[in-house]
There are 4 protein chains.
Amino acid sequence: MTSCWGQHIHLSLFGESHGPMIGAVIDGLPSGFSIDETQIAAEMTRRSASGKDLATPRKEADRVTIVSGFFNGKTTGTPLTGIIENSNTHSSDYEKTKNKMRPGHADYTAFLRYGGFQDYRGGGHFSGRLTAPMVFAGAVAKQILAQKVPALSVGSRIVQIGQVRDHSVLTPSDYAALTYADRTFPVVKRELQDAMIREITEARAQRDSVGGIVEGYITGVPGGLGSPIFDNVESRLASFLFAIPAVKGVSFGIGFDISGMRGSEANDAFRVKDGCVVTSTNHNGGINGGITNGMPIVFKVAFKPTPSIAQPQPTIDIAQHKNTEIEIHGRHDPCIVIRALPVVESAAALCLLDLMMEADGRHE
Amino acid sequence: MTSCWGQHIHLSLFGESHGPMIGAVIDGLPSGFSIDETQIAAEMTRRSASGKDLATPRKEADRVTIVSGFFNGKTTGTPLTGIIENSNTHSSDYEKTKNKMRPGHADYTAFLRYGGFQDYRGGGHFSGRLTAPMVFAGAVAKQILAQKVPALSVGSRIVQIGQVRDHSVLTPSDYAALTYADRTFPVVKRELQDAMIREITEARAQRDSVGGIVEGYITGVPGGLGSPIFDNVESRLASFLFAIPAVKGVSFGIGFDISGMRGSEANDAFRVKDGCVVTSTNHNGGINGGITNGMPIVFKVAFKPTPSIAQPQPTIDIAQHKNTEIEIHGRHDPCIVIRALPVVESAAALCLLDLMMEADGRHE
Amino acid sequence: MTSCWGQHIHLSLFGESHGPMIGAVIDGLPSGFSIDETQIAAEMTRRSASGKDLATPRKEADRVTIVSGFFNGKTTGTPLTGIIENSNTHSSDYEKTKNKMRPGHADYTAFLRYGGFQDYRGGGHFSGRLTAPMVFAGAVAKQILAQKVPALSVGSRIVQIGQVRDHSVLTPSDYAALTYADRTFPVVKRELQDAMIREITEARAQRDSVGGIVEGYITGVPGGLGSPIFDNVESRLASFLFAIPAVKGVSFGIGFDISGMRGSEANDAFRVKDGCVVTSTNHNGGINGGITNGMPIVFKVAFKPTPSIAQPQPTIDIAQHKNTEIEIHGRHDPCIVIRALPVVESAAALCLLDLMMEADGRHE
Amino acid sequence: MTSCWGQHIHLSLFGESHGPMIGAVIDGLPSGFSIDETQIAAEMTRRSASGKDLATPRKEADRVTIVSGFFNGKTTGTPLTGIIENSNTHSSDYEKTKNKMRPGHADYTAFLRYGGFQDYRGGGHFSGRLTAPMVFAGAVAKQILAQKVPALSVGSRIVQIGQVRDHSVLTPSDYAALTYADRTFPVVKRELQDAMIREITEARAQRDSVGGIVEGYITGVPGGLGSPIFDNVESRLASFLFAIPAVKGVSFGIGFDISGMRGSEANDAFRVKDGCVVTSTNHNGGINGGITNGMPIVFKVAFKPTPSIAQPQPTIDIAQHKNTEIEIHGRHDPCIVIRALPVVESAAALCLLDLMMEADGRHE
């Protein structure tokens, strides 16, 4: 039914890939927090087409204009709205193939869901372009968090591209100290970066695409955030992450590998150290019983390969209800993982801000 | 804040492990659907301690009494409430160790969250016992679904126990035909069952525990259920699954493995077959763009090993704020995966009913 | 769809008039607040049949048993549940007339809404009996408020019974000092009490019923609670008040009379007095722009006359779809206003607690 | 916290009186319904300054641009967004008096709520200007309703202006046939229109303002919409109506007068007439037990006099925390009732659409 998220902050997204604009309304923000528009622009740039032939040649300014909830450089606490104009649309690309359901895309399910009345151009409201207002909202959340909890930091790293996997396991203290050789392609095992990039360029050369895994993390997290059962931190963060197009899996801490561990290994023992309660391992990703324990929140997000590929693929024609073939042209990323990093971080930042609004005050 | 779930049906859980009773209020159900209490009892039995020394010796009747919303054998459509008495509690087990924070449990985070006022006996509201009202609610949902969509079926299978993994990949048509040698221990690769059981018994012998992975599935799903962005099926189902204690990962279709695939492989091609739209593979788990495509919904759930183990473990004493050691006695499962199967299915059934209430009528 | 209320606390009611029990689950409460069960019992007694032949002879103990969320005399912060057994039901009274739709009741609309599957005995889930768990929840909220904001007080008074109206207009400072000759029949103009009681006894003698108007108030309210537009205090309180059976109107401050005032009269001028911001009049009922201004929250609630009357009334037989006549026997109040007072106060207390949870901490 | 409304459709408003634009995002609409932008423009004109010196001279085009959710002339079902530029703002009017809290306005409560960070110009997000996106959303809802239920009609009439009251009581059948001498000033007792207008012009001449009462109504309503307890129709409609600035009371059917009736009079007797179930009176406003009975939904809304008056008024200076005086200049309506009519109708239309989405399908 709705394109809304959040319990205490409330994010509402709107727009289609080929409409005049897309945007986000963020309600429930605390008032009095400074927002620097250049920091928003920097996050938008991370998400937009970037770097080394790895991503789509579609270039959009993706300039956000804040049209409400922002006064004298600070949040007012009333709905903060940002709009982004769609300046670079080639709608005719899509008109010819509108009845051919692109495999792996939402064309067919959107047709079922909306009875054929959906805006099919470029995926319409299902487009990856809707991650732009997510990143805008995340950039706002990051700045508010930085002012509320200066020690807190939100980051992400690439764990896997195609068949190349970085198996590094990090301790809680490692996360705060993470640095990368290349911030636009953040890999902990630096020697894997070239192999990862090769996965992408080879896939592109073969008119194919690859997926990957991103690990998001938040350090400096206050303990005691979240609630039991349905309002646990994992459910709330996962509900945002699965809203990012192409995400098919979400796990916390050591992830699915925890299922192969013994309890004696998986349990992160609590210790008092320098007067603080810590754990030396973080297999549970900073969350016990759905509530933060003060260790870094760590989670992995599985992205599938971009479904738009230039190879011919078998599919159906929905108007004629018969089999056919499709070749998808136009501008598509051979791997969306790099561009997904700020989106994953935005989910984390918005989720944490939502959690903090539960117990905290309403203004700076 | 809240222990509630659902958009169209609304599930509210209450109770603590060692209080007088636990229960569930299910609001928003359609009226006029028959509910057979013996079918509820059968699901409750699946969840309660069972079989072959594999699970906890704590035995509870777990008899559900429906106290509202049920009249002349049918749902009334007003809140349907089931209560389950806690008959077999050994509260004194917990009193002695209440200040020792059990590693991997919610003791410490609950302490932070509730300021020390939480009911610490047996994990209180965080206890795995709260899965009993989940299964009750799921048993109601299953029966309503069976009447609304007779072709629909909800199932689950064990994919991994400890280090033993069943790597079977199933096609959409396989799911409807699944049978198991042992329905209480449903493994597709039958030859793996003994090895899996051995993982559990060995862990138990070593006063340790093991985790595992469950695959849930729903066949006969109508296409077009769900919505884009935040109201997608994956987010809604994952938000329930992560509320099940010990769950640390959720994935759909082929899961995290999709990140290693090429787009040409991961895309499930649409085909018209016998007049119906189908896909031959189901790497996306029956969901495109967050909306069902009519293929089986398939998802994996990673359970960590039971955190309660009989070995001594280092931990902290929260009253004295210093390091100590804990030995957890009492009744605990060396592996909760078997008992988790009906819980996972309940999440699936309730999610699907919630999705169907969006577009469907209010009474039978 | 749902029988739930609240944004930060979350109240879920269940049960039918003639089922085994009714109850309330209150989620989102702050932890560590003392709850005195005798104070709950006192509020339940105010609501149950009472005094001087004015109300129904149906007598129920209405004893609340708290079954969750309460530990060592204090709220745990997890869902607090109270159940009330239905001990005194005469279901056969209703069986004979189940197809005759009682005028002014929900029989016919429930039939349309639930397709005939509703529990029709005594109004089922629509029964005034569901106000018992409301009062239980309100009694909990009152006690928490008293500990959070000792200066705060919730009260109510009778403004009208039948044709007898108390036209007293009170200043902000009057409210804190209100006393009544008879606390079970609280009228400010004491000389009107006998006339009001006469309205009720005359209606009863004529096998008829009367309505009335209740004014609720909260003094000692912190300023700045609530939000603009849809989350304003008036909307949130009214949404609860209209859920009380027989309520047909809700107004704030001077109420509908404000429409006949000039702006120069209706505006409550702000003044600094003894270092505090106050207003001398309170025509706006302590709320400007949907947010509390620190003056008493004052609101009026219009109750219609009890629809159950012993006179023969024309109506329809729903099974035969034809006109007929009904005589309602059984136990009914000639005026529900007296019993409604603690229900109105409960709405006010729960609304205020919900508002306070927005900005305040989670535990005592 | 949030500026959102609705359970099945979801309306999110944003913007401030003196920001670049205001707007509304409407999520959850059914797809495939035609929207005629000229009909939207007609409703916007009704709301904007109009007629005979009765309203504010501030003139805005209030042209709505739909930027999402609308494709080939029809709703897509994804969020439909309309934006309205603020073209005619005199911000300097407000800068001088920003510390003087206008009596009857939200200046002081907004200051408390947002800690001084709110946009104070022209009331910011609290401005009556936010009713423009409400009317836009209502105009969309009206058109969808007209296509879903052709017999359904939403209207409103003026019942009171200042001291002049129209005491007409209408039967259910009267509502469908209502006509007015002057549609911009719809009064049933035509002879009262001049007296009402005189109330306004006299108030204006005295630099004062008047309030009034509007009756909204919906005819052709399907029976069985709504739910018991908290999800009743009255709560849901009232929660929107109290969000309209200056509304201090809401009642249904005969309203507060029902409290003075006997049950034998207030009960609307059901009758079978021409095969349909009807009532001859409609004291309950088409709603029994919170659910529609098929008779017209009728409700009254009390508007207070415009708080902005040109007379000097005592108030406080919030920066200096001391008493002062304020004279409000600028453009203000001496009575907002006329402009409020389409806003009241919008609340009714959106509420009914929300109710209908509960049981109905998702597309045309």
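Each residue, glycine too, has its Cβ placed from N, Cα and C.
These come from TrEMBL:
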type: BINDING; residues: A:Arg47; note: NADP(+) binding site
type: BINDING; residues: A:His125, A:Phe126, A:Ser127, A:Gly289, A:Lys304, A:Pro305, A:Thr306, A:Pro307, A:Ser308, A:Arg331; note: FMN binding site
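Shown on the structure are the features that TrEMBL records.
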| residue | record | DSSP (3 states) |
| --- | --- | --- |
| A:Arg47 | NADP(+) binding site | helix |
| A:His125 | FMN binding site | helix |
| A:Lys304 | FMN binding site | coil |
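In sequence order, A:Arg102, A:His105, A:Ser209, A:Ile328, A:Gly330, A:His332 constitute the residues six or more apart from A:Ser308 (FMN binding site) in its chain with CB-CB distances below 8 Å.
You'll find the Cα of A:Lys304 (FMN binding site) roughly 17 Å from the Cα of the residue listed as 'NADP(+) binding site'. The least crowded of the binding-site residues A:Arg47, A:His125, judged by other CB atoms within 10 A of its own CB, is A:Arg47. Reported as a whole number, the C-alpha separation between A:Ser127 (FMN binding site) and the residue listed as 'NADP(+) binding site' equals 14 Å. Counting only residues at least six positions away in the same chain, the Cβ atoms of A:Ser209, A:Gly211, A:Ala246, A:His332, A:Asp333, A:Pro334, A:Cys335, A:Ile336 sit under 8 Å from the Cβ of A:Thr306 (FMN binding site). Its Cβ taken as reference, A:Lys304 (FMN binding site) is surrounded by 28 other Cβ atoms within 10 Å in the chains shown. A:His125 (FMN binding site) is 18 Å away from A:Arg47 (NADP(+) binding site) when you measure Cα to Cα. The Cβ neighbour count for A:Ser127 (FMN binding site), using a 10 Å radius and every protein chain shown, is 24. Binding of FMN is attributed in the record to A:His125, A:Phe126, A:Ser127, A:Gly289, A:Lys304, A:Pro305, A:Thr306, A:Pro307, A:Ser308, A:Arg331, and the widest Cα separation among these residues amounts to 44 Å. Residues from the set of binding-site residues A:Arg47, A:His125, A:Ser127, A:Lys304, A:Thr306, A:Ser308 situated with their C-beta under 8 Å of a chain D C-beta: A:His125. Listed binding-site residues A:Arg47, A:His125, A:Ser127, A:Lys304, A:Thr306 compared with chain B at a CB cut-off under 8 A give A:His125, A:Lys304, A:Thr306 as the close ones.
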